[in-house]
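Record features (TrEMBL):
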- 36-176: domain 'Nucleoside diphosphate kinase-like' (DOMAIN)
- 44, 92, 120, 126, 140, 150: ATP binding site (BINDING)
- 153: active site, pros-phosphohistidine intermediate (ACT_SITE)
């Protein structure tokens, strides 16, 4: 007799479980629980001075990110050198520091599942000239000029994201971590 009710119970279970799980997951997310990983996004001076901020933020939100925090700051040479410390021995370092201190930057903490990879996909290749042909719908294709003046920054790893978020917002240890993103 119990075996006869199993198919009915199984059908009922499979019919109602997905909506219940969806309700549970939606309820958890709406209560403010962390929905995914976090990354640092930065609109660089050329992005701000070129009036791309609202378009970039619209692309961010339209791609399913949540902007958790944001701050507009003017970096001085000392702070910029700390942020880009892993590039200090490279030939372009002085030019990079001059560029990043040429105007304010807008730092944002973005959140969504797989945020680091998703943000990097949205911004496109580091070299904006390449982005214009290989990723024409990317943010760097829209507003970047070259490898240095590429409009936006994105963390390249969980470790870099933690350090960079801490750098601007004081949320974690701020030790230097090697990364390849300008």
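Keep in mind that glycine also has a Cβ here, set from the backbone N, Cα and C atoms.
Keep in mind that TrEMBL annotations are predicted by a computer and have not been checked by a curator.
Note that the structure is predicted; figures quoted are calculated from it, not measured.
In this entry, 44, 92, 120, 126, 140, 150 make up the residues listed for ATP, with the farthest two CA atoms of the set 22 Å from each other. The recorded positions in question are 44, 120, 140, 153, and the one with the fewest Cβ neighbours inside 10 Å is 120. Close to residue 92 (ATP binding site) in the fold, though at least 6 residues off in sequence, lie 148, each with a CB less than 8 Å from its CB. Taken residue by residue, the domain 'Nucleoside diphosphate kinase-like' (36-176) breaks down under DSSP into 66 helix, 26 strand, 49 coil. Take the binding-site residues 126, 150: by the count of other Cβ atoms within 10 Å of each Cβ, the lowest one is 126. Mean model confidence of the domain 'Nucleoside diphosphate kinase-like' (36-176) amounts to 94 (pLDDT, 0 to 100 scale).
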